[in-house]
Protein chains: 2
Amino acid sequence: MTRPRPLTGRGDLADSVRVVGEFGVIARVVARAGSAAVAEVGPGDDAAVLRAPDGRVVATTDVLVEGRHFRRDWSSAEDVGHKAAAANLADVAAMGGVATALLVGLACPADTPTSWLEGVAAGMAAECAPLGAAVVGGDTVASAPGSGAVVLSVTALGDLGGRAPVLRSGARPGDVVAVAGRLGWSACGLAVLRRGFSSPLAAVAAHRRPSPPYAAGPAAADAGATAMCDVSDGLLADAGHLAADSGVVVDLDRAALVRTMLEPPGPMQQVAAALGADPLAWVLTGGEDHALLATFPSGAALPEGWAVVGEVRAGTPGVTVSGEPAADVAVSVGAGRTGHVHFG
Amino acid sequence: MTRPRPLTGRGDLADSVRVVGEFGVIARVVARAGSAAVAEVGPGDDAAVLRAPDGRVVATTDVLVEGRHFRRDWSSAEDVGHKAAAANLADVAAMGGVATALLVGLACPADTPTSWLEGVAAGMAAECAPLGAAVVGGDTVASAPGSGAVVLSVTALGDLGGRAPVLRSGARPGDVVAVAGRLGWSACGLAVLRRGFSSPLAAVAAHRRPSPPYAAGPAAADAGATAMCDVSDGLLADAGHLAADSGVVVDLDRAALVRTMLEPPGPMQQVAAALGADPLAWVLTGGEDHALLATFPSGAALPEGWAVVGEVRAGTPGVTVSGEPAADVAVSVGAGRTGHVHFG
């Protein structure tokens, strides 16, 4: 495990969680939290109280573990905050909702610099702010003795604005399959970092801070999407979840994926050429970009940002790529597996 | 750190998180989760969708770390589930709300027996069920390599049923101070376990599974409580938070506390006599029973389960016990500090 670096000098090492204490940390983090438009009672009481304009609330939790989902020598504190928030905000978008608030459970070693925690809070606040969301509560505790890794558990809440939630189970034969957002960039960036490089920066930055297409989720719901999910485990894996839950075959169009995700050529081709890899492997199996995958009735007008990359067919539930089984395609592009496995 | 015991035989060691995988764990845990009355979309999609009948939602997060908040050799998996749920459900009650749903973020070593996780889920379900609440979502990930401790981050959501939330900041001079629920039992049970004993069972059981007075929270709100909080850090410490946020002195009545919490004599006196301790130390500084502390206008009719234990005065914000400063009282009863420090 990579030990924390003193991020801004010697002062931080003295100014650790152990020294400042739980309440000191909370006060400093709250100062960075921004404020949620829906908050009637914000941080600092036993619980937050949030308006739920729709009369329903969307709720989801994702856990990030240091050494598995991020490394403190590869990502700044702000990067980790952006990434932890994005993973959850994207899940709300994938239901057709708009995120309104985050709650954060954090376990960290007692010697964690408070500046690192403030950086995480600032990153979360920055990722949330364009949506009007903010961190409204949480709990910070010291890890167990001898356990040096940070664990960050984030819960996002959101509002559906009157929309019906878009589930994974609604895809029907004849629907088109579409994607919004980027695929493969985070995995490409990780491949760069793993080899000890830090450029091309566009790929590395994509790994450090994903850019999920938040607005595409509610737009898809408004456009009549029949099923939707967030791509966090990789396209083949998440399409597989959607196919299984809907009882259908999701057939991805290889040429459409190349056209949509790999043209015009950019950093992914550059890195792939240097590493002797096939960039399609990252597109098909890379996780953590938090693109959205959805199905729409054939003939539906797709909202801005969505591109058709396949179609839904009847048959034994599963995923094919231009008719070929996903597992075979994963092997042929050198991915070796259909699902994303985090780097720990 | 105590390593996990094989809870029901050799089969469990093979049947670990590493073997079953994340999706296998989730499927097994969801099978134990029960179902939430407010759930429109339950576990298994990108996010849950929950009805918020009040038009607002109460939200709170607490983190439990193995070795600090529980030990797997002192508490069963079911106990840990009960305790993690109770800590959060009590926070919702302390706002005047009724909990509706939990989301759970769990990081655990890859060799954790799946039966242990199923036990945690069963304990959470059992703690939630009387309220009509249930686990509606979550995320389970393997800990970082070399990090052997379980981290459990629980978010509770709740409904106010039209009540105004009761904050910590509303206490006014002249109000009475009242408590609902038990104080000191968990700390007493911990003292027993620390010395290697397992009886009296009533005290040990109270440490393993707190019994927060959930209904007393909304009842206090209905009765006009001016301020309220959950006692999780110890009575003196949490009364201090309420005093600070309200800008008042909370004066606790020592005789009333003894009468309410230590009469008739029971397991706490028995343990205190054996250990040469003053049971009032546990009452004043023990956390984790999740009693509720509230203030009411003088003359208000207190709901069932609430007992007056002091009064609110004007002055430099702080806590006194029959006029004596809290810190001095803590020393005089042998607690040595006003706040609860978890055992890690």
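Just so it is clear, glycine is given a Cβ too, placed from its N, Cα and C backbone atoms.
No curator has checked TrEMBL annotations; they are predicted automatically.
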Same Mg(2+) 3 site per TrEMBL - residue from B:ASP15, B:ASP73, B:ASP79, B:ASP91 joining B:ASP46, B:ASP230: B:ASP91
Secondary structure content, the domain 'PurM-like N-terminal' (B:44-158) (per DSSP, counts of residues): 35 helix, 45 strand, 35 coil
Surrounding CB atoms that lie within 10 Å of the CB of B:GLY138 (ATP binding site), all protein chains: 28
List of the binding-site residues B:THR61, B:ARG168, B:SER232, B:ASP233 facing chain A, defined by a Cβ pair under 8 Å: B:THR61, B:ARG168
B:THR61, B:SER232 as binding-site residues, winner by CB count within 10 A: B:THR61
Least buried by Cβ count (within 10 Å) of the binding-site residues B:ASP62, B:ASP91, B:ASP233, B:GLU288: B:ASP233
B:ASP233 (Mg(2+) 5 binding site) in three-state DSSP notation: coil
Predicted model, mean pLDDT over the domain 'PurM-like N-terminal' (B:44-158): 94
